[in-house]
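Colleague: Here it is, the structure, as structure tokens.
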């Protein structure tokens with residue numbers, strides 16, 4: 001016992017050793033609650049039974065000392081038992097000595113749940129916080145998994161274990177279907193590049209007109225024209241393969257070769273040729289315009305949709321170069337024309353990639369591309385399962401059917417049958433006739449159903465996720481907040497990329513300050529917990 005005499009007044013101080021209960025989810029510890037006078041003032045800085053006034057993210061509450069004493073291992077419990085102001089300041093973010101108020105820059109929603117914990121002794125999971133943010137808040141306030149109520153503990157632990165693996169473990173893509181702020185920030189950074197560019201405002205609006213169909217009425221019209229040209233090009237390619245056009249072009253080619261001229265100039269129907277030239281001119285206009293208006297040339301050539309646009313016009317110009325290299329305009333002989341015809345056929349086959357241009361105007365096609373990009377493991381597993389199954393059942397079918405001469409003559413010849421059987425396609429061009437062969441076919445079909453269904457489910461879930469995410473991003477950037485997007489376009493004139501980052505940080509600080517100023521300095525009714 002310590003006895004002090006201060007100005008005729010005797011103070012007695014006992015230093016009892018108090019063993020704190022085990023912190024919820026933490027290790028047991030011992031602490032000595034010191035009620036000695038403050039070394040600076042000579043008297044205790046707070047009474048032990050004084051209510052604790054706290055301010056958490058703008059939410060002010062009074063907590064009774066008796067409620068905090070029930071949980072001395074928590075942060076507020078240790079703050080209530082702090083022996084000096086210096087010790088208390090280490091437990092909070094700030095302290096107002098005049099108002100005797102402790103400030104914590106933490107989530108106010110979790111603090112309301114924390115108040116319920118001090119009343120009942122049980123903590124409930126908040127749906128507004130993800131499991132990781134909830135765990136960080138609980139650790140900060142000195143709570144653990146044991147503090148969770150029985151109704152929420154199993155759900156919390158399950159979400160905490162499965163959430164990191166509910167998506168791609170090695171992928172940086174967030175599992176939330178809400179549009180990621182980083183994706184919207186990428187658009188903002190791209191727009192900021194026009195601030196220092198020549199004719200930046202005009203280029204920016206033209207670029208948005210070509211890239212965002214929902215930006216304005218001209219952008220919608222441009223998108224409709226682009227889709228129509230793509231469909232017309234695909235239709236012309238399909239019509240060109242009809243027998244009527246093939247016979248007509250073959251007769252014209254024979255007549256041209258007999259006259260010593262190139263057959264390539266007369267093979268195409270005049271109408272289809274003019275339509276092809278118009279489509280090529282439009283595609284070339286699109287590629288060159290996007291290249292000139294792009295905020296970054298380097299990013300332009302890295303974007304998959306831009307590469308598709310380049311591939312859609314590349315065969316036409318390669319055909320012209322091949323014709324010039326092989327003497328397309330001179331009568332040098334039929335052999336060179338034959339080589340040119342083979343080259344042109346290869347280049348014409350590349351025109352089929354024009355159908356991928358529709359991905360620029362289709363959310364589903366873009367979602368499919370993102371799904372395949374993030375599902376290479378599942379696709380690899382699917383191919384591995386199919387390869388193993390085809391190899392096994394092809395060998396069994398060859399052994400059972402090789403004497404029947406029904407198409408199972410060799411094991412490589414059986415691979416085709418095994419592939420169409422495991423994928424449950426079943427063309428019926430090759431079928432087993434023996435009992436053993438039919439049993440092998442039945443096992444192949446059942447095995448294919450099980451093997452294909454496993455990775456396909458994961459791929460389908462990823463496609464659904466990317467589709468919902470893409471729709472949410474489009475709604476956030478173009479539809480639901482169009483006016484704010486227009487304000488952003490006006491604000492980036494003359495703004496560099498660095499200044500945009502600074503303004504974004506300043507706005508975040510301003511929103512935090514606004515949250516604090518919304519709460520009055522003194523609440524009309526103090527609440528005691």
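Including glycine, each Cβ sits where the backbone N, Cα and C put it.
Not measured: the values here are computed from a predicted model.
Straight out of Swiss-Prot:
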type	residues	note
COMPBIAS	502-514	compositional bias 'Basic and acidic residues'
INTRAMEM	412-423	intramembrane segment
INTRAMEM	424-431	intramembrane segment
REGION	494-529	region 'Disordered'
MOTIF	424-429	motif 'Selectivity filter'
TOPO_DOM	1-217	topological domain 'Cytoplasmic'
TOPO_DOM	240-270	topological domain 'Extracellular'
TOPO_DOM	294-304	topological domain 'Cytoplasmic'
TOPO_DOM	323-340	topological domain 'Extracellular'
TOPO_DOM	362-376	topological domain 'Cytoplasmic'
TOPO_DOM	399-411	topological domain 'Extracellular'
TOPO_DOM	432-438	topological domain 'Extracellular'
TOPO_DOM	468-529	topological domain 'Cytoplasmic'
TRANSMEM	218-239	transmembrane segment
TRANSMEM	271-293	transmembrane segment
TRANSMEM	305-322	transmembrane segment
TRANSMEM	341-361	transmembrane segment
TRANSMEM	377-398	transmembrane segment
TRANSMEM	439-467	transmembrane segment
Colleague: By Cβ distance under 8 Å, which residues at least 6 away from the ends of the intramembrane segment (424-431) in the same chain are close to it?
Modeller: 406-408, 416-417, 441, 445, 448-449, 452
Colleague: Looking only at residues six or more beyond either end of the transmembrane segment (218-239), which have a C-beta under 8 A from one in the stretch?
Modeller: 208-210, 212, 245, 272, 275-276, 278-279, 282-283, 286, 348, 351-352, 354-355, 357-358, 360-361
Colleague: Given a Cβ distance threshold of under 8 angstroms, which distant residues of the chain, six or more beyond its ends, lie next to the topological domain 'Extracellular' (399-411)?
Modeller: 417, 429-434, 436-437, 440
Colleague: Count up the helix, strand and coil residues in the topological domain 'Extracellular' (432-438) according to DSSP, in that order.
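Modeller: Summed over the topological domain 'Extracellular' (432-438), the classes give 4 helix, 0 strand, 3 coil.
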Colleague: With DSSP helix as H/G/I and strand as E/B, how many residues of the topological domain 'Cytoplasmic' (362-376) fall in helix, strand and coil?
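Modeller: Per-class counts: 13 helix, 0 strand, 2 coil.
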Colleague: So, by DSSP, how many helix, strand and coil residues make up the topological domain 'Extracellular' (399-411)?
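Modeller: DSSP classes over the topological domain 'Extracellular' (399-411) add up to 4 helix, 0 strand, 9 coil.
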Colleague: May I ask for the residues of the chain that lie six or more residues beyond the topological domain 'Extracellular' (432-438) and have a Cβ under 8 Å from a Cβ within it?
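Modeller: Non-local partners: 396-397, 399-401, 404, 406, 408.
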Colleague: Within the topological domain 'Cytoplasmic' (294-304), count helix residues (DSSP H, G, I), strand residues (E, B) and coil residues, in that order.
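Modeller: Residue counts for the topological domain 'Cytoplasmic' (294-304) by secondary structure: 7 helix, 0 strand, 4 coil.
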